[in-house]
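As written in TrEMBL, here are the features:
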COMPBIAS  142-161  compositional bias 'Acidic residues'
DOMAIN    21-70  domain 'FHA'
REGION    94-180  region 'Disordered'
């Protein structure tokens, strides 16, 4: 599944190539947006096979989907998302179809500071130096955990109501998001 954010202001489309993408103003964010309404670590996108989940990281100005402030949301194609005051439309499509970023000429001026291209996995033979892949230096995102379970896997312990089940296309897998 291809996933992209299409900015309303004409900035170039932003491909979502990583399984976990942090959006904010800080240098370590995967998508950095220079806008005063964007928090240092504003929100996180989690991409799985067939599902794109957005979770606000207790940002000052909030994250909205279709005009509604959210803590988390499963995104659908065409959804309008506001990250602070920065507005985008969600593109989700099949891998074999050209995406908006593959057909877009990039403008010269943009609020989008940058985004990190996907980092290929580093495979080292047993007994190698043990260096971590470059993307692992990103500070951990706190208070956001999403787990994927196969259909027959046990549901996490939920005596305190921490987990909420997310709907999935076709009901093949189960996704749970940890609530604050």
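Using N, Cα and C of the backbone, Cβ positions are placed for all residues, glycine too.
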Secondary structure tally of the domain 'FHA' (21-70) (DSSP, helix then strand then coil): 0 helix, 24 strand, 26 coil
Integer average pLDDT (0 to 100) for the domain 'FHA' (21-70): 93
